[in-house]
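Remarks on the structure that follows.
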Amino acid sequence: MSLDHQGVSLLKVTPCELILKLAEGDGCMDVVQALMFSKWEDGRGGPHFALMHSQKLTLTSNASCLKVLASLEEQAFVEAWGGKAKNIFSQDTLNNLTTADKKLIEKIKEIVICLEELTEILANSRSYKKLLFAWEGWHNASGVPLKEHYPRFVELSNKASKLDGFDDTGADWRSWYETETFQEDLENLYKTIEPLYLNLHAFVRRKLYNFYGPKYINLKGPIPAHLLGNMWAQTWNNIYDMMIPFPDKPNLDVTSEMVNQGYNATHMFRVAEEFFTSLGLKEMPPEFWEGSMLVKPEGREVVCHASAWDFYNRRDFRIKQCTTVTMEQLFTVHHEMGHIQYYLQYKDQPVGYRRGANPGFHEAIGDVMSLSVSTPKHLHEINLLESVATDTETDLNFLLKTALEKIAFLPFGYLIDLWRWVMFDKCNIKGKNKNKQTKYQGICPPTSRTEEHFDPGAKYHIPGNTPYIRYFVSFILQFQFHEKLCEAAKHTGPLHTCDIYRSAEAGEILRKVLEAGSSKPWPEVLQEAIGTNKMNATSLMRYFEPIIKWLEQQNVDETLGWPEFNWVPPIPEGYPEDIGNAECLLFSSLRRTWRWRLTPWSTAGRLASTTPPTSRTPRSNASSKNSVTLRRQRCLLKNWKRWERNEFILPIYNIILDMHLTLL
């Protein structure tokens, strides 16, 4: 077949050359039949780009062509870089590493496993000392080593962004949202939801005060970060058992019923698939079921954080999740399959448009599904709940639990990138910028922190350089979508009781949003879907209206906010000496020998005392480069070896640097 455009034989040029040819003159403006690119593997396993004579698409500007070109170049680079990295780090190469490098890799694996165990402790323990031990250990071990390197990273990141025409990396990231008033819009959104957050914060603080007492909880101060059920205090639903307004009401957790009915991971994903097909959306392709990792494999360690993957060949979409049979995991399954549904719907767009309308859309779509699936009405529909209670007290229990997840997250989702934007602008780790967690969340570190500490580095997205404001945006958008979909589904009653299951009308609205990908500006996509081109928190406030009123009644005599801004709780007496080996951070269930680099334990005006070595207690070391006494974490190991300050972090940097130099 011969296919020419402006004298160019389209089958004899690379995709990038083709787009450049079309971009010359008015070529990009006049293309009637757009050619789309699909990557496929030939019999020899080499990557090829096949031209597909696909759908009609009018490219309205040279910028559109350049966007596709940039995406194709990025994909080609990732393939080349990944292939080279795979060769460099082959099993033979790993087998031939030095003993020191092999030990380093094992340490990295242990750190990953360690966080999973620590996450469980933060979620389930109610011991003030154990929680403090876990929080302080992780923040010291993971955050401190990064501090001296982060300014240099900011410098290099800004340099790259400036080459792309931006003032700094923060400006680069904000440009993805295509609105000049993006920062002001975010601040206004936060101010709208702030009264609800302040009431939730005051209620939670009072409950913690009743449990831990006045020594550790100040009713006019911030809440110690380690008491909220999460390493970063980003969601508080893990302490719902301490907060439940009406404990005598039936528990809405259907985990036991799922177990009784013989649920397994595959069935949970089939249930989620049926939710989407009930809306008239697509079922999962065969490649999804063949290639996904739905349970944790035996005999090897994997990163269990759930994630969805688009392999950019219009066929292969997968989920990686260590699924367990719980109600919360059922909601997570629906969320991740929301991502897959997005991939399926926009797969026929040019590769440059195969993404959410803005970075928050993808997360919002996944969460919209969970808003319906988590309702008692839906759990009853799929035979996991015998009956649906309609009394006010049960509703308030449900809404408070949801608020502990959704509302508690909002200031955290906002401040992470707010902090980073200042860093990219001024590169000032010190000063007022470091107090943003207290300012916005009303959360404080459980111990005094010094200039040596770098707590932001304890959150993966900071060293991983992953933008975070998308999650704040998604938490606003999901309620806007939810309200519109419920209207299409002809729902009557409070918004929090709505379930869009089996509504073809709601599915049609969703389909149009998903199919568009990023081919249109996100305000246009939003306008077509819900009738407004602005993000607003009205739908969110309407969803939580009953619990807002109830919290206001509960907080009549409470102080809203944290006027005693700089308050920090005292160090418990005997801490950490009386954290016994059998009750330690990873508990007796961990039968591993851990080596975990410890940085100085900071306590207000108090140096760690040395502890004579015993069979259960590792020897303390009283020296470091800055002459600050070290307190060793107990019970993590039997064979303790001291890590020098940069023993862990610098080899990682060196490996990455060597890898980049080799690839270049």
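Cβ from N, Cα, C; glycine included.
TrEMBL annotations: computationally assigned, not manually curated.
Among the ranges 166-187, 606-627, the stretch that TrEMBL annotates as region 'Disordered' is 606-627. Partner cysteine of C486, as given in TrEMBL, is C498 (from among C444, C498, disulfide bond). Residues H335, H339, E363 make up the record's Zn(2+) 2 site, and a Cβ search at 8 Å around their centroid adds A308, E336, G338, H362, A364, I365, G366, D367 from the same chain. All chains included, 15 other C-beta atoms sit within 10 angstroms of the C-beta of N264 (N-linked glycosylation site).
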